[in-house]
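Participant: One structure, pasted below without further comment.
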């Protein structure tokens, strides 16, 4: 055993140099200082959320997401310099960023549905992508309610009672029976129109028709139909709608869905937009579908992702925005934001500090400019 340890009263130089290592402040000159909200100033939610950017961690990401969405909302073509051959006409004054909104089914099952409905009701977004569950759950809620439950409720007991659990929400199985009673006659009409009128049904056209038929102001897709906002669902059969189509194919066979027309339509929404923005809640097919459409314009200009996914498994859901930059799905000079959070916590805050604050009804000219042509 070594016995060369020397004990002195002087502090070892190595210890001092290691602990009191001098900082180079050059990289800190333009960085904001960490500071949270002072509740001595009273309760002011706008000021509170403004301080999120300097709180740190995911609060800072929320603050950055608020800024990114506000950039989407505020952009106008008329503010850009005229390019050679362009006219400074009325269309430039009403041309805005085209906003793509994507969300997974669990958010429509939750109370986030009402927030999404608000955005669609007031034409605040231009293109929607949802999973099948995000479509059917909206219609089912118009027919019967979803209830609060608990995460720990036992699956076996719930199954015996005919109660389906979505996290800490409960959906009586009777709701899906009511959904079947409502949708089957509509599917019959679709088959008839396909045969007699030559109607080509796409997932977006089906959702549009169902939005019209539900005729309920609580519905996201009622307002999407009314405001002519396209809703794409590339995996429309992956849910209760698919279950209904399965049963319907035995009773009234022949319904055909054309997915090629929809992929052309959503890609062209991106291709022909002057600026595009993506707000994506959750991951999976909805995230990739929107990002991939924006590849066709060499990337979105503005992007906000909200999900709990991590990138270590190589999943698209967990991928950071920088990975999308490498694929050409987000612009090289963009300032995308990912918030690592469950969307039901964050999205109400984002909407409160962006869309709801700047709400102003779009002019007829603005609405006309964003209308789709897929159903023409």
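Cβ atoms are placed via backbone N, Cα and C, with glycine included.
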Participant: Of 89, 181, 243, which does Swiss-Prot put in the spermidine site with 136, 137, 288, 314, 315, 316, 323, 324, 325, 326, 327, 328, 329?
Facilitator: 243
Participant: If you skip the near sequence neighbours and keep only those at least six away, which residues in the chain come within under 8 angstroms of residue 107 (NAD(+) binding site), Cβ to Cβ?
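Facilitator: Counting only residues 6 or more apart in sequence, the Cβ neighbours of residue 107 (NAD(+) binding site) under 8 Å are 113, 116, 134, 281, 282, 343, 344, 347.
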Participant: For residue 283 (NAD(+) binding site), which DSSP three-state class applies?
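Facilitator: SS state of residue 283 (NAD(+) binding site) = coil.
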Participant: Give me the largest Cα to Cα distance among 136, 137, 243, 288, 314, 315, 316, 323, 324, 325, 326, 327, 328, 329, the residues the record lists as binding spermidine, in Å as a whole number.
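Facilitator: Those residues reach a largest Cα separation of 38 Å.
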Participant: Measuring Cα to Cα, how many Å separate residue 105 (NAD(+) binding site) from residue 136 (spermidine binding site)?
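Facilitator: Per the Cα atoms, residue 105 (NAD(+) binding site) and residue 136 (spermidine binding site) stand 9 Å apart.
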